[in-house]
Amino acid sequence: MSFTDTPDGFRSGFVSFVGRPNTGKSTLTNALVGEKIAITANQPETTRHPIRGLVHRDNAQIIVVDTPGLHRPRTLLGERLNEAVKDTYADVDLIGFTVPANEKIGPGDRWILEAVRKVSPKTPILGIITKADSVSRDLVAAQLMAVHELLGGNSEVVPVSSTSGENVETLIKVMTDLLPEGPKFYPDDHITDEDTNTRIAEAIREAALSGLKNELPHSVAVEVDEILPDPERNGVLAVHAIIYVERVGQKDIIVGHKGQRLGRIIHTSRQDIIKILGQNVFLDLRIKVLKNWQSDPKALNRLGF
């Protein structure tokens with residue numbers, strides 16, 4: 001039996017999570033997949049491209065598309081990210097509108113909902129209250145009612161905690177019921193369709209973002225140059241990658257005092273890269289200044305945006 005052979009009544013489809021930056025979309029994606037495929041950080045606007053995570057059940061296959069948070073762009077990169085998100089909305093079967101339990105609904109949420117409905121007016125919307133373990137049950141109930149009122153109609157709303165796992169299976173069941181009948185798109189052993197270089201670059205960027213403040217996190221980009229067998233170490237892969245920043249002062253911050261910060265980035269990301277490649281790794285990481293790359297069309301094209 002091939003992975004394309006599916007039982008009667010099998011459901012499948014694409015679900016996109018939308019919401020303001022830092023509402024827990026990437027953490028929720030990881031919880032649903034059961035493995036880390038999307039990087040997470042305390043800074044908003046961490047996700048920079050749609051990431052597909054695969055959720056497998058006996059009666060369904062759900063392709064979760066984790067997108068960058070919709071925001072009012074300040075750079076050409078921001079504009080391109082918003083366009084990529086809107087393109088994603090138009091191609092999915094279900095939209096999960098995420099609102100954190102610990103923040104009141106505001107103008108940003110309404111702006112996003114309006115943008116989603118403008119781009120994809122016929123796609124059903126499911127309300128998802130994230131971070132449900134961060135507040136009392138009374139506040140979760142109040143947020144549930146507020147989101148239901150915002151969405152209107154017969155829209156369902158599910159509170160969920162990605163960290164404790166509370167209601168994760170309930171959310172999967174609700175999403176399954178809202179998807180059409182269809183085939184399996186991927187084999188059961190696949191958890192993402194991300195290519196290896198992208199996953200490695202994201203692992204390095206996640207380590208680099210740790211502890212950064214203000215605007216510096218937005219100025220960090222990573223490019224994997226090449227992956228080759230290490231000529232000096234048997235059974236080891238040499239991963240050569242570049243961290244780009246926009247100014248010389250930012251480079252100094254990434255390197256840190258006597259290179260200590262760069263050393264931590266290499267140590268942390270190397271552990272994730274070993275898991276991705278399933279092999280021991282030597283990580284060669286360089287830092288380069290690519291001036292104002294967030295607003296430079298050529299630089300953005302080079303970095304895949």
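Note that Cβ sites are derived from N, Cα and C of the backbone, with glycine treated the same way.
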Please identify the range among 5-9, 45-49, 180-184 that Swiss-Prot labels region 'G2'. 45-49
According to Swiss-Prot, which listed range is region 'G4': 130-133, 186-189, 266-269? 130-133
For the region 'G3' entry in Swiss-Prot, name the matching range from 66-69, 78-81, 230-233. 66-69
Residue list, the region 'G4' (130-133) vs rest of chain: Cβ under 8 Å, 6 or more residues beyond ends. 19, 23-25, 27-28, 98-102, 140, 159-164, 166-167
Fewest other CB within 10 angstroms, which one of the binding-site residues Asn22, Thr67? Asn22
